[in-house]
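Chemist: Annotations for this protein, taken from Swiss-Prot, read as follows:
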ACT_SITE  208  active site
ACT_SITE  237  active site
ACT_SITE  254  active site, proton donor
BINDING   45, 66, 258  substrate binding site
BINDING   146, 175, 232, 257  NAD(+) binding site
């Protein structure tokens, strides 16, 4: 079979190259001509998969190595019997650790304690639920908002979005991008929400850029409103508002989910679906794709926020990604070039922590570190 894949997806040849003809290319440049004679298409969020791309093609199977699917016309795929698979939840650990890293950095810079703050989580799917779990495991109070889930399961202590805007010190968004229907998320944070938001709040967006009206956000910041802003996603990507970037406390190029481990989990999910769909025996030794522990530390004092921040920075320094974006954002194609050449970070599980303190063992294990009691 003939496979076309985004060149920035790892392990493509190792997984699919044994009995197939595999071609890789830039995801944003994939055209109808490229897929005309292709059987299998594997993409990321930068490729729009729709009628314009797939009409007159021989594509039978589409996989996207992403949790979001707003770049995929699923109705079209269903209409023409094209099998589709995506990778929900596989980037959850990476995104949660990105958010936690950003919050720890802000807390250290602002000299406040996260345990004194209330975190409002908007969207409590794979990512939001894991973030809630980890924050609570570290003693941080959370408020949850997810109207579609509340409709299905009313037993949780759900809060309205208006309550989060009024009461949460920190708002972090983990929703899909939905334009219509009962629960649209497009411009969920508009000028009215931003003006109602108390000063000195923290806004974090790692889901889709258009969940926050970027022009409205820039307007209130230019008018002097004091907000801390962490943006990994932007409206009109790969272009972004340079003035808005100048106001952001942390700005990164849509890489919150870009860990080595998350990329491997995502493509493995697509590979397994491919094997099932085409009735192919899975001969891959999955252990060959495992990412080994690469850092070792011994901790001899009880974990607090300052020490946790040091451990996190040992694995991933979020300031580095912020500096890189600011350096190249104004250059032609800079946003995509950073993503293309991004040195995928490791997750906290890559850090082997040795400690003789029982409470450290419990806390660090729940936060996702690789812990060994000594």
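Glycine residues also receive a Cβ, built from the backbone N, Cα and C atoms like all the rest.
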Chemist: Are there any residues in the same chain, six or more apart in sequence, whose C-beta is under 8 angstroms from the C-beta of residue 66 (substrate binding site), and if so which?
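Modeler: In sequence order, 44, 45, 86, 87, 91, 257, 266 meet the Cβ cut-off.
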Chemist: Compute the C-alpha separation of residue 232 (NAD(+) binding site) from the residue listed as 'active site, proton donor', stating it in Å without decimals.
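Modeler: Rounded to a whole number, the Cα-Cα distance is 5 Å.
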Chemist: In the structure shown, which of the recorded positions 146, 232, 237 has the fewest Cβ neighbours within 10 Å?
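Modeler: It is 237 that, of the recorded positions 146, 232, 237, has the fewest other Cβ atoms within 10 Å.
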Chemist: What is the nearest of the recorded positions 208, 237, 254, 258 to residue 175 (NAD(+) binding site), using the Cα of each?
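Modeler: Result for residue 175 (NAD(+) binding site): the nearest of the recorded positions is 208.
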Chemist: Taking the Cα atoms as reference points, how far is residue 237 (active site) from residue 254 (active site, proton donor) in Å?
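Modeler: Residue 254 (active site, proton donor) has its Cα 9 Å from the Cα of residue 237 (active site).
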Chemist: Please report the distance from the Cα of residue 258 (substrate binding site) to the Cα of residue 208 (active site), rounded to the nearest angstrom.
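Modeler: Approximately 15 Å lies between the Cα of residue 258 (substrate binding site) and that of residue 208 (active site).
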Chemist: Given that the record lists 146, 175, 232, 257 as binding NAD(+), what is the largest C-alpha to C-alpha distance among them, in Å?
Modeler: 21
Chemist: Show which residues of the chain containing residue 254 (active site, proton donor), separated from it by at least 6 in sequence, have their CB under 8 Å from its CB.
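Modeler: Counting only residues 6 or more apart in sequence, the Cβ neighbours of residue 254 (active site, proton donor) under 8 Å are 45, 232, 233, 234, 237, 335, 339.
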